[in-house]
Amino acid sequence: MINYRHIVFCLCVMVVVDSRLTPYLAAIEQVDPIVKIVLPIVGRFDPEEFVTSWQGNNPCEWFGTNCLEGIIIGISFISLNLIGTISPHFADLTSLRVIDLSHNRLKCTIPFEITKLKNLTIVDVSYNQLHGEVPRVRGIVILTERNPNIESTCLLVPSPTRNKNKPTVLVLLLGILVGLVVAGGASFGFYLYRIRKQPKRLQEPNEAVTLTQQQSSDESLVSDESYVISLQLQYRVLRRFSWVSKGPLLLTRQLKTNQNPHLPYM
């Protein structure tokens, strides 16, 4: 037999519980999406500093937030004695322009995720205890004064992005070094080639002088032979006509030129 009393009791309990949970469920559903983004950021710090002051559903009314037309454009947590690390969830606030976390006790690295913020201009993390590399992004000024261990290795939050870029940089430097070595070797080889070619060039004028001397000597021989032939020819001609003149035969030396043709044989 069905116990109706038990069923009625269960239904009454469910109604009471539902009526009590409804406001809480509604509050959770009505939470501003920005609140859901900001809370994980604060969770990396000491939350006790924010529990008493951060109330309500409008983050623009909370201390440390700067808004423009209902949009958070700045986070300023200066001298709050915050401990912990800087949350990468800052990158979820896409409208951020300024992040000021100076004069605290924050440790470890500056997350590289903040470099994705297109509107970000200033990040002030001076006077903290940060370690690791500082992101280098054009258009973003990162102030790191009085962080004695900045740029050193932090084992808690490694940076896989930078580690992947290191082999590329090494390959680039190696390629430049090899190119310089090859260029230097080629220049040195060309220099040696020029040195070896110079003695040969210096000997060329001597050879030219030798050839000139040989040519001049050959010409002198030809001229002497012509002179001998010319004398013989004159002698023979005068001998043919010796009956005209009773005096001794006279020979004259004639230079061989184009204007003095040989006398015909008679």
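Cβ atoms are placed via backbone N, Cα and C, with glycine included.
So that you can see what the record holds, here are the features copied from Swiss-Prot:
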SIGNAL    1-19  signal peptide
REPEAT    93-117  repeat 'LRR 1'
CARBOHYD  N119  N-linked glycosylation site
REPEAT    119-143  repeat 'LRR 2'
TOPO_DOM  191-266  topological domain 'Cytoplasmic'
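There are 12 other Cβ atoms within 10 Å of the Cβ belonging to the residue listed as 'N-linked glycosylation site'.
Per-residue pLDDT, averaged over the repeat 'LRR 2' (119-143), rounds to 93.
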